[in-house]
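Copied over from TrEMBL:
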type	residues	note
ACT_SITE	C79	active site, nucleophile
ACT_SITE	H166	active site
ACT_SITE	E168	active site
BINDING	S220, G221, G222, V223, D224, S225, T226	ATP binding site
DOMAIN	193-385	domain 'GMPS ATP-PPase'
Amino acid sequence: MILIIDFGSQFNQLIARRVREFNVYCQVDAPNVATLDYIKELKPEGIILSGGPCSIYDENSPQVDSAIFDLGIPVLGICYGMQFMVSTLGGEVKRSDKREYGFAELAIKEPCRIFEGIESPTQCWMSHGDSISKLPEGFMPTGTTDNTPFAAAADPARKFYGLQFHPEVEHSLKGREMLSNFLFDVCGCQRTWTMENVVKSSIEEIKTTVGDKKVILGLSGGVDSTVAAVLIHKAIGRNLTCIFVDNGLMRLNEREKLEESLTDKLDLNIKFVDASERFLTALDGVSDPEQKRKLIGNIFIDVFEDEAAKVEGAEFLGQGTLYPDVIESQSVFGGASDVIKSHHNVGGLPEDMKLKLVEPLKYLFKDEVRALGEEMGIPDDLVWRQPFPGPGLGIRVLGEITKRRLDILREADAIIVEEIKKAGFYKKVWQSFAVLLPIKSVGVMGDQRTYDYTVAMRAVTSKDAMTADWARLPHDLLARISNRVINEVNGVNRMVYDITSKPPGTIEWE
Ligand code: XMP
């Protein structure tokens, strides 16, 4: 395995993605987690010191114990990571207020294992202020750019390599090859990180942690909780009880479809709790978005706790927490005390449930979770489901929520999803759904004047939901959807397409 020490660069998760694409397991840890003892126990084949926003001269610049350089483990320092290594080992870094940012031509100066098989010059991508002015003893310069004499350096005897640029970004055209050279030629890693192995080792780990105790898990039908549930089920069978809360805010036939795939096909032990009356009664007359969210969240917790209490002897809570949440909850600059913040998902379950956590996906990225789901034979429609918010259609019926308005939205949404799937866009967009607006407008159908609701369609592309853009869908697809919704859904006479990006908009309307 490879240890990536996170000095705060925005590209850290990308380094991890790249390493795992080569079927090599890696972990990203904050400097205050990666202590000397921790690294000795972890026994990584190699260490990557990441970039970061700081100068090594900043008062609170992140650091690791300099003794990591005495462990005999190969080190690749990237950007700030290279500067940290160089200055720690006796070289010099020159302070600069000016940043070098963007493309540069890297001329390879010396044969170097990192550059094996790569022709000189090669395009790389820079983003740094300070730069190295003197290398430590044992190091030689291996690459230069017009502005950076020590754009790459190496101490081959100790297997220390430094790159001032970012090999992990696509703009560094041969970056993948450089990382691959480090992993396989320098560190001698093996390609053992395959989904087949992940399934096997996760099951073993769950068995060891949980033993013959019982686990409960809040199942939403989303890919994360479903894959987590199937994995735990494979490890402990009927000792896993999944609790599925029907809040009455689900999509057309959603619960029935989930019951069929999860219970019939995957044989999960699921308690379906129909709490729809309770949710809808509480939401009666509520139109403020924040109030809706709070109400829905609180009732969910109440219902879940009640049901969980009925599972006798449950000691563990299973959760589908993913690696990005874990990485983001580590503090790069903080002291040891504020390292791990809570990262409960599932619409926020209370901390006082006194259950130990089982989080079998906490070292996986979203695409790996999907691959794991496929590996375990979970049906495509579950593995590739688009994200759906915890408060469900409650935040897509704008204004007051009534049974009738929910039904209108359900029908319109089903048509949108059906047509999007038919046209092959379901996996290409991040989300595609309907929103029911709280306004009515005048129209004409046949010879009749109509006065009905407007449905807005939202379809966005995104990588992580932090930013998003409205999807440029073909006009004939939009026309087909609009025709069908207006003709088939009673109560709707107008449809609009949302062309707002995020920011400034959000993906959901409430
Ligand atoms: P926004 O609307 O903030 O949404 O751009 C970003 C992503 O998060 C989803 N979302 C939620 N997911 N509980 C969830 O589990 C929620 O309360 C919630 N609100 C928004 C949204 O669908 C999008 O994918």
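From the backbone N, Cα and C atoms, a Cβ is placed for every residue, glycine too.
For the binding-site residues listed here (S225, T226), the lowest count of other CB atoms within 10 A around the CB belongs to S225. The Cα atom of G222 (ATP binding site) lies nearest to that of E168, taking the active-site residues C79, H166, E168 as the candidates. In sequence order, L219, V227, A228, A229, G320, L382, R385 are the residues of the same chain, not among S220, G221, G222, V223, D224, S225, T226, whose CB sits within 8 A of the CB centroid for the ATP site. D224 (ATP binding site) and C79 (active site, nucleophile) are 34 Å apart (CA-CA, integer value). For the pair E168 (active site) and D224 (ATP binding site), the Cα-Cα distance reads 26 Å. In this structure, the CA atom of S220 (ATP binding site) is 39 Å away from the CA atom of H166 (active site). Under a cutoff of 8 A between CB atoms, and with a sequence separation of 6+ in the same chain, the neighbours of V223 (ATP binding site) are K366, V369, R370, G373, L382, V383, W384, R385. There are 27 other CB atoms within 10 A of the CB of E168 (active site), with all protein chains counted.
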